[in-house]
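TrEMBL annotations:
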{"type": "ACT_SITE", "residues": "THR156", "note": "active site, nucleophile"}
{"type": "BINDING", "residues": "ARG184, VAL185, GLY186, ASP187, THR207, GLY208, HIS209, GLY210", "note": "substrate binding site"}
Amino acid sequence: MKPVIVVHGGAGRIFKDREEGARSGVTRAAMKGYSILKQGGNALDAVEEAVTSMEDDPHFNAGCGSVLNEKGEVEMDAIIMDGKSLASGAVSAVKCIANPIKLARLVMEKTEHMLLTDHGANLFAKAMGVPEIPGEKLITERSRERWSKNLEDPGTVGAVAIDNEGNVACATSTGGLTNKLVGRVGDSACIGSGGYADNHVGAISTTGHGESMMKVVLARLILYHMEQGMSPMEAADTALNYMKTRVGGLGGVIVVSNSGDWAARFSTKQMSWATVKDDQLHLFSPSDCTVSHLASC
């Protein structure tokens with residue numbers, strides 16, 4: 001099996017002053033994940049590395065750069081899933097953690113649980129030796145400015161991959177919604193909504209209006225359509241259209257099938273994304289969001 005990775009940096013309007021940062025950010029994340037796959041690494045490591053890269057990039061609403069809740073604080077959600085075993089780990093409403101996706105993987109591998117939240121998740125992080133950082137270090141000037149004006153930013157980062165062994169994985173991480181209620185948890189920590197991975201079908205990571213995605217269980221819905229014979233693109237479009245018509249929700253998804261086919265689809269105005277397959281990098285064009293053949297890896 002030839003390895004493939006697809007990443008997204010959030011669905012929604014991409015402002016002109018953020019275009020170049022979004023392009024370079026998703027490119028860097030995709031290349032880091034693909035480097036692991038190219039060297040024979042597994043899909044889980046690849047998606048974790050890709051999402052970590054975007055959590056560390058202030059251009060994205062995850063990790064450093066997360067939007068602020070109603071109290072002006074950062075609360076983050078993340079999920080990771082292994083398509084081979086269906087094992088999954090997630091955290092929600094966590095604070096003072098640089099990389100929630102790494103903590104989600106520890107939940108998957110070091111506990112018998114699938115989701116830890118808020119204070120309990122932070123206690124677990126401390127027990128695992130994950131360093132706590134001051135919450136202010138996660139807050140950018142842009143996030144604080146847009147919080148004060150109650151302006152939304154494109155949300156959520158994610159990655160899906162298939163490795164040389166045919167194993168798939170997904171990872172999703174977010175700071176959520178600007179001015180959300182304290183303790184609000186969106187789709188990104190919820191298995192089947194913010195992401196899903198199953199070697200029998202493929203892997204999905206979602207972005208957009210979390211409450212809408214939870215209502216239709218968007219990630220698993222896409223895999224259901226693929227099980228019925230649809231291509232990743234057809235399945236993604238069908239599910240996104242259903243979410244729009246049924247509950248009025250907009251969003252975006254990235255998909256990789258167990259045969260290595262991929263798709264990056266959205267019902268919002270824009271979505272930042274990048275993919276590497278057959279050593280070729282493809283990524284979004286901010287002007288029209290069509291595939292852009294930027295470079296050979």
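Glycine too: its Cβ is placed from the backbone N, Cα and C atoms.
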For VAL185 (substrate binding site), nearby residues of its own chain (Cβ under 8 Å, 6 or more apart in sequence): ASP77, SER92, ALA93, THR117
Among ARG184, HIS209, the one of these binding-site residues whose Cβ has the fewest neighbouring Cβ atoms within 10 Å: ARG184
THR156 (active site, nucleophile) and THR207 (substrate binding site), Cα-Cα, nearest whole angstrom: 6
Fewest other C-beta atoms within 10 angstroms, as judged across THR156, THR207, GLY208, which are the recorded positions: GLY208
For the binding-site residues GLY186, GLY210, the one whose C-beta sees the most other C-beta atoms within 10 angstroms: GLY210
Nonlocal neighbours by CB distance (under 8 Å) for ASP187 (substrate binding site), same chain, sequence gap 6 or more: SER193, GLY194, THR206, GLY210, GLU211, MET213, MET214, LEU218
Cα-nearest neighbour of the residue listed as 'active site, nucleophile' within the listed binding-site residues, ARG184, GLY186, GLY208, HIS209: GLY208
Diameter of the substrate binding set by C-alpha atoms, the set being ARG184, VAL185, GLY186, ASP187, THR207, GLY208, HIS209, GLY210, in angstrom: 16
